[in-house]
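Let me begin by presenting the structure, written as structure tokens, before commenting on it.
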Amino acid sequence: MSAPCSGMFQVRWRWYNKDVDRILSHVYIMVFAPLLSLSLATSVAGHGYMYIPSSRTRLGHEAGIDSCPECAILEPVSSWPDLDAAPVGRSGPCGYNARDSIDYNQPTTNWGSDAVQSYSPGEEIEVQWCVDHNGDHGGMFTYRICQDQSIVDKFLDPSYLPTNDEKQAAEDCFDAGLLPCTDVSGQECGYSADCTEGEACWRNDWFTCNGFEASDRPKCQGVDNAELNSCYTSIAGGYTVTKKVKLPEYTSNHTLISFKWNSFQTGQIYLSCADIAIQ
């Protein structure tokens with residue numbers, strides 16, 4: 001009698017072990033896997049937006065609408081080494097925040113109805129963006145102005161949301177209206193330490209962050225070497241990144257300046273824009 005009972009016990013024990021394995025698998029899938037996924041997602045996300053002049057993104061946060069102004073991300077895309085290869089899609093030249101479902105390509109009562117700053121044609125102006133402490137993935141950045149008012153006007157009408165095709169046409173116009181680093185006399189315009197001569201990123205009309213693995217003042221925060229919280233980000237505090245650009249000999253009572261940051265480490269691009277006048 002002992003042998004059959006022993007065999008039955010072994011069968012039941014094997015089934016018990018299988019049940020425990022299934023239960024533990026379900027616990028992992030339901031509890032630990034999402035936490036791991038969230039942790040990984042948080043660790044690889046880059047974050048930043050235009051700060052000066054006050055971008056629509058900044059105004060969205062200051063109005064209490066945008067909970068994460070640094071989170072308007074175009075992803076996943078090829079952001080490196082070709083800086084202009086990725087289509088902008090719904091992000092357009094002004095950015096789209098999926099977290100709060102905000103499309104900054106369309107004006108509202110909180111942004112886009114008026115110019116936030118007025119400049120003169122050909123003026124050299126200070127521009128600044130804000131990079132999050134936990135989201136600094138290096139790379140290169142630039143500022144652009146589209147000089148086709150008929151294109152820009154589609155982004156100044158609060159009753160109209162530009163289509164993706166119109167957003168891409170605008171992005172192409174902004175790319176053509178790049179404001180080169182080299183146009184400002186005396187400004188340092190180096191090449192990215194993370195780019196190799198011959199690659200598409202080997203250019204100094206764009207601005208570059210410091211080397212991603214630099215031992216001194218690395219990545220984008222190393223450009224100003226400013227204190228943490230020198231600008232606002234919702235995740236871990238921000239650092240300013242400040243440069244100068246020379247405006248074109250062009251006039252408009254209401255136009256846009258667009259900021260674009262291509263991340264080196266991740267396949268992400270950040271876009272934001274500010275409403276300005278050039279008179």
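Cβ atoms are placed via backbone N, Cα and C, with glycine included.
Positions annotated as disulfide bond by Swiss-Prot, on the basis of experimental evidence: C68-C71 (among others). A 10 Å cutoff on Cβ-Cβ distances gives C71 (disulfide bond) a total of 24 other Cβ atoms nearby, all chains included. Under DSSP, C71 (disulfide bond) is assigned to a helix (H, G or I) in the three-state scheme.
Listed in sequence order, R56, T57, Y104, N105, F155, L256, S258, L271, S272, C273 are the same-chain residues at least 6 apart in sequence whose CB falls under 8 Å from the CB of C94 (disulfide bond). C94 (disulfide bond) falls within neither a helix nor a strand when secondary structure is assigned with DSSP, and so counts as coil. According to Swiss-Prot, the disulfide bond annotation covers C94-C273 (among others).
Long-range Cβ neighbours of C130 (disulfide bond) (same chain, at least 6 residues apart, Cβ-Cβ under 8 Å): G48, Y49, M50, Y51, P69, E70, C231, Y232, T233, G238, Y239, T240, V241. Per Swiss-Prot, disulfide bond is recorded for C130-C231 (among others), and the stated evidence type is experimental evidence.
Cβ neighbours of C146 (disulfide bond) (same chain, under 8 Å, six or more residues apart in sequence): P93, V152, A170, C173, F174, A176, G177, T255, L256, S258. Taken from Swiss-Prot, the feature disulfide bond applies to C146-C173 (among others).
The DSSP secondary structure for C181 (disulfide bond) is helix. Residue environment of C181 (disulfide bond) contains 24 other Cβ atoms, counted within 10 Å of its Cβ in all protein chains. Annotated disulfide bond per Swiss-Prot: C181-C189 (among others), in sequence order.
With a cut-off of 8 Å between CB atoms and residues at least 6 apart in sequence, the same chain places W80, P81, D82, L83, M140, S192, D194, C195 near C201 (disulfide bond), listed in sequence order. Reduced to three states, the DSSP call for C201 (disulfide bond) is coil. Taken from Swiss-Prot, the feature disulfide bond covers C195-C201 (among others), and the record attributes it to experimental evidence.
The Cβ of C209 (disulfide bond) has 27 other Cβ atoms within 10 Å, all protein chains considered. Residues or ranges marked as disulfide bond in Swiss-Prot (evidence: experimental evidence): C209-C220 (among others).
As annotated by Swiss-Prot, domain 'Chitin-binding type-4' applies to 47-276.
The N-linked glycosylation site annotation in Swiss-Prot covers N253 and is backed by experimental evidence. A sphere of 10 angstroms centred on the C-beta of N253 (N-linked glycosylation site) encloses 10 other C-beta atoms.
According to Swiss-Prot, the transmembrane segment annotation covers 24-46, on the basis of sequence analysis.
For the disulfide-bonded residues given as C189, C220, C231, the lowest number of other CB atoms within 10 Å of the residue's CB is seen at C189. Each of the disulfide-bonded residues C195, C273 was scored by the other Cβ atoms within 10 Å of its Cβ; the lowest score goes to C195. Per Cα geometry, C220 is the residue among the recorded positions C181, C189, C209, C220, N253 nearest to C71 (disulfide bond).
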